[in-house]
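For reference, the structure is listed below as structure tokens.
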Amino acid sequence: MAVRIHIAAAILALVFAVVHASDPSPLQDFCVAVPDANAGVFVNGKICKDPKLVKPEDFFFPGLNKPGSTANPLGSNVTAVNVNQIPGLNTLGVSLARIDFAPYGLNPPHIHPRATEVLFVLEGTLVVGFVTSNPGMNMKNKLFTKVLNPGDVFVFPQGLIHFQFNQGHSNAVAFAGLGSQNPGVIAIANAVFGSDPPISPDVLTKAFQVGNDVIKKLQSQFWWDNNYP
């Protein structure tokens, strides 16, 4: 009986730890990030500026009402507002992004390794979706997809592949809240086919079950990045 109690306690402790896995909680009112990329101290986040030197501008970002340029092959643009743009977000566990879409513009399949995303559609009609992680034997990853109109909200769980596509004839605008000061982004196609140095074609031909010529063509093209973290 005692053994079962200890096992149950261990499981509960593990679940509690996983549920509360997120950005570090602040231990003071704020920890404004020091912008010096050559700072000699490395922490899980960014080191703090002396509170006596903190200014209102450390918590400020202007111009999110202005659309980003969608004049690119993807027809979309992500304007990120995270700790790199607002140093005062350091340790606070939240960030924001504006996503602009030209007609039929796409924010291609990608993941945020450190954040759940909540998407709010302001203008236009978007087809959005995410795919589950690998299921059991002989089962397919499940796609959760929805057509969103102005005022609609959709959630993308942390670390899962997701996308947004403007299926309308006019521009679309969405805003995303993310549960990390620095959510990160990995564009799937860019990472797989545009890495430097390239992944061996021997790996990719077997992984995607296509010929070497297809892989070489994909690796030779320019992979546009619409999302700068």
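The count begins at 1 with the first shown residue.
Backbone N, Cα and C atoms are what each Cβ position is placed from, and that goes for glycine too.
Remember, TrEMBL labels are computer predictions, not curated facts.
Cβ-based neighbour count (10 Å, all protein chains) for Glu117 (oxalate binding site) stands at 22. Per TrEMBL, oxalate binding site is recorded for Asn107, His112, Glu117.
Summarising the annotation, TrEMBL assigns Mn(2+) binding site to His110, His112, Glu117, His162. The Cβ of His110 (Mn(2+) binding site) lies under 8 Å from the Cβ of Ile161, His162, Phe163, Val185, Ile186, Ala187, Ile188, Asn227, each of which sits 6+ residues away along the same chain.
Sequence annotations record features per position, and here TrEMBL assigns disulfide bond to Cys31-Cys48. Residues near Cys48 (disulfide bond) in space but far in sequence (CB under 8 A, at least 6 apart, same chain), listed by position: Cys31, Val32, Ala33, Val34, Asn90.
Per TrEMBL, the feature domain 'Cupin type-1' maps to 62-216.
Residues or ranges marked as signal peptide in TrEMBL: 1-21.
The Cβ of His162 has fewer other Cβ atoms within 10 Å than any other of the binding-site residues His112, His162.
When the recorded positions Cys31, Asn107 are scored by other C-beta atoms within 10 Å, Asn107 scores highest. The Mn(2+) site is set by His110, His112, Glu117, His162; from the centre of their CB atoms, other residues of the chain with a CB within 8 Å are Ile111, Ala115, Phe130, Phe156, Leu160, Ile161, Pro183, Val185. Other than Asn107, His112, Glu117, the residues of this chain whose Cβ falls within 8 Å of the Cβ centroid of the oxalate site are, in sequence order, Ala97, His110, Ile111, Ala115, Leu119, Phe156, His162, Gln164, Ala176, Leu178, Pro183, Val185.
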